[in-house]
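Everything below concerns the one structure shown next.
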Amino acid sequence: MHHFAEYAIFGTLMCANLGLGLFFAFNRRKKAATTDEMFLGSRTMQTIPLAMSVLASMLSAIGIIGFSGHYYTFGFHYLWNFTSAPLVSLIVAKVIIPVLYDLKVTSVFEYLRLRFGNKIGLTACALYFFISQTVGAVALYAASVAISTLFPVSLLWSTVAIGVAGTMYTALGGLRGVVWTDCVQSVLILMAPITVVVKVAFDAHRKNVKLRPLSDFNVKEYFMESSLDFTKDENVWAVLIGLFVHSIFRSGLDQVVVQRYLAARKLGEAQRTLYIGVALNAAYSVIMGSMALALVYWFRDCDPMLSGAISKLDQILPYYVKENLSDFTGFSGMFLTGVVSAATSTISSIINSQAAVFYVDVIAPYTKLSDAQATKLNRNLALGFGLLMTLCATAVPYLGSVVRIILVMHNGATGPFVGLFLLALAFPWANSKGAAVATCLTTGLQFWLVLGKFLNNIQAPKMTVTLDYCPASYTSLIKNSTSSFPTQTSPHGSQDALPFYYLSAYWSGLFSALLTIVLGLSVSILTGGRKKCRDHVRLTSGAFLGLWRKIGLLPGESVVPGKGAQDELADILKNEFAREYSLISNQSNV
């Protein structure tokens, strides 16, 4: 890709994105700058921009670069995850969002501090910082792979450039700048997969292109592996059931998306933001799956990894663009814009959410600052977290493929996190002692599992690929390469690895969440949790309060007579938050 037009298109579109973020930064400076504006857009944002921002934040360059390589190499079973989207959306909309929205909190961790105290809230914050820094760093690296493959720029400098660009407009523009930039970027992101699908479909009908018919496609191998094997990620049941906890986190507990819901003007609009965002994400994932299927069709009998044309599976999409789109002026530049837009959307959203969490949950309870001081501090926090994320991204190439890193490390941390949050929302008997013991034990187990997987190089089984249909120009490469990669039936790694390390990351996330709830309840009951049940009713989801009353586990007098549980929450949660927050502030002043 050496046409001046490619550089011009890419540079112009990316400068427009950065300029949009800066516009909101300087435009809002004419008005009062507050932390509420910085983190929640003054809670006056409209549904469609917020939903588009949810989409852009969920996608990232991991979805474009990482999942295209993941689907090609390991199969398409992850797409089954979206069949559970209606149930996940219903749980998030009816159980999680009403509680958080009525509290008028800025972060999910404010709720945990009210429910279990500061220590549990800060522990959950630390867990979230690990999760979000991992996602941001991997997304940043994925976009850098695309740039370094298509442009004569090193991977390191690509990483630094994208990280600095995303950090700058986030630090200056706040959530409003991030959301409106996401709206533009979500459209640009669509360019990448659509361009590839159209190009493969066009080239497949050329007479000089030799491809195996798409009808000769092992559907079971790629889509329908359904054996109940707890060591396999690429399995229908592992995705449908095991990834359920992961889906709840991504749609309802990730601070990045929660801020969008809380920035809505009304509860109903917050719920609609969720529904539209999840629907858009599911539709986009189908498009992404179509692009990956096109790559399988194109490369499965002339695999670039097998031939030595690329060294990492994350390079397969940029490699296709370089080899097949470079002759079409403008296509490569538009594709790269989509990839980098996806990365900057993700990292800007994460940086803004990290700054919000750190300020609200770590600094604000102990220090009083004016709005001007708080705004300045928050911009510096965003800058610092962005630079840290850029630094972390430079270490990603040494850990493995983009998606495998996310699936293993992300599920390792989200399981205990979701378990802790559901323990708080659903069970008024749970207390801080039970929450602390359960979260520490399950988090320790999960990190032991993650570390064991990486140290023992546990690898998932791969799909069959060959060099049987390569053109004559590949002859020299074929002579020095194996003719095929056979399908592997089970994960493999070090012979000395413990059987525990082979547990699927999908299943481990579910098991750790359930274990957190069971252990938390058990310890809570043993330490007198039922005696203080009434104190926690006010911070329990109305949906669960109604359930516990119906089956007789919750005394009727715990709820105001004549009113439903959710009605009671709407009346008292704001007062509860104000009372607790006032106590914290008074203690810090003393």
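Heads up, the Cβ atoms here are built off N, Cα and C, so glycines get one too.
Taken from TrEMBL, the feature transmembrane segment applies to 6-26, 47-72, 78-101, 122-143, 149-172, 184-202, 236-253, 274-299, 334-360, 381-399, 405-427, 434-455 (among others).
Here the transmembrane segment (47-72) has Cβ contacts under 8 Å with residues 78, 135, 138-140, 142-143, 145-146, 178-180, 182-183, 185-186, 189, 192-193, 250, 256-257, 260-261, 263-264, 269, 272-274, 276-278, 280-281, 284-285, 288-289, 291-293, 295-296, 299, 312-318, 338-343, 345-346, 349, 401-404, 406, 463 of the same chain, all six or more residues outside its ends.
The list of residues near the transmembrane segment (381-399) in space but at least 6 beyond its ends in sequence, with Cβ under 8 angstroms from a Cβ of it, reads 133-134, 136-138, 140-141, 144, 155-156, 159-160, 163-164, 166-168, 170-171, 312, 347, 350-352, 354-355, 358-359, 405, 454. Of the recorded ranges 78-101, 184-202, 405-427, the transmembrane segment (122-143) has the largest number of C-beta contacts under 8 angstroms with 405-427. By the Cβ criterion (distance under 8 Å, sequence gap of 6 or more), the transmembrane segment (149-172) is counted as touching the transmembrane segment (334-360), at least 3 such pairs being found. With a cut-off of 8 Å on Cβ pairs spaced 6 or more residues apart, the transmembrane segment (78-101) and the transmembrane segment (236-253) reach 3 or more such pairs and are scored as touching. Of the Cβ pairs linking the transmembrane segment (236-253) with the transmembrane segment (405-427) and spaced 6 or more residues apart, 3 or more are under 8 Å, so the two regions touch. Each of 184-202, 334-360, 405-427 was scored by its Cβ pairs under 8 Å to the transmembrane segment (434-455), and the highest score goes to 405-427.
Outside the transmembrane segment (405-427), and at least 6 residues removed from its termini, the chain residues within Cβ reach (under 8 Å) are 62, 66, 95-96, 99, 108, 111-112, 115-116, 120, 124, 127-128, 130-131, 134-135, 138, 233, 243, 245-246, 248-249, 253, 396, 399, 434-435, 438-439, 442-443, 446-447, 449-450, 453-454, 505-506, 508-517, 520-521, 524, 539-541, 544.
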